[in-house]
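A short write-up of the structure that comes next.
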Amino acid sequence: MKVISRFLVVTAVIIIILAAAGPLTLLKAQEAPGQGQLREGFMEEEGKEQVDLRLMEDYWREITGEVEEYLPRMEFQEIFKMMREEEGGRIDLQGFLKGFARYLLREVSLNLSLMGRLVILAVVAALLRNLQWAFNSPPLNNLVQGLIFMVLLSLALQSFFLVTEIGREAIDRMVDFILALVPLLLTLLASLGSLASAAIFQPMVILCANLFSLIIKDLVFPLIFFAAVLMLMDHFPQDFKISRLGLLFRDASLFVITFCLTIFVGVLGISGVAGSVSDGITLRT
């Protein structure tokens, strides 16, 4: 489970850092008159101190330590070389694809026994259903089918619960990395003269990252789990159907995810615009 979550975290971290390079480059290219002098004065005032990246490097080594078998070796400084388009800063796409293929084969091989048990139980259930007319006791047939289906359901839900735990751990690690990345982003914004943006950016990111991660972990994942359970339970021999309740939980989880994404993008967009306007007014007055 840890290998899966860290595999997801490493991939997400690379995407986040590369995506963060775009706005900073654009901000530098579109800086207002006098903003370059402010940036140079800020760096001179700070003595041109380098940003301390030791904490991020330690975190990077920790999350990449368990996935070296599936991902190409990449040092933390190579990501910044890619951001600055320097020599030696390239993503080994072929290595990523090969590592993903090795990881996929490993997961398939580890779950062959589970797949075999599910197939055997499904075949037994199908045979019993075809032979149910050979018995003179329909309640007994329903009981046997119910027992077999309960075993199938327990095996399937066990794997599903494991997947939800992987998602929870991956979200926790991505949020931790984003919070560790905030000081670096604030320093970069301040060095470009966006002092108001840096002041607004920190509380917004911390609030949104923590709030929406809690909503996803404690609300969306349970809704998805209950939806899966109800939709599977609907296949039990019974006189009433509960699949619509499962569909309701599924639609509710999709609504919550969409709502959180909309609010997150909107809050960051508004805070970014407000910070840019404030910085522009400050530089012109």
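Cβ from N, Cα, C; glycine included.
For reference, TrEMBL has these:
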TRANSMEM  6-27  transmembrane segment
TRANSMEM  108-128  transmembrane segment
TRANSMEM  143-163  transmembrane segment
TRANSMEM  175-198  transmembrane segment
TRANSMEM  204-233  transmembrane segment
TRANSMEM  254-277  transmembrane segment
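Residues 153, 156-157, 160-161, 164, 167-168, 171-172, 175, 178-179, 182, 242-243, 245-250, 252-253, 256-257, 260, 263-264, 267-268, 271 of the same chain lie 6 or more positions beyond the ends of the transmembrane segment (204-233) yet place their CB under 8 Å from a CB of it.
Long-range contacts of the transmembrane segment (143-163) within its own chain (CB-CB distance under 8 A, at least 6 residues past either end) are made by residues 1, 111, 114, 117-118, 121-122, 124-125, 128-129, 132, 225, 228-229, 232-233, 235-237.
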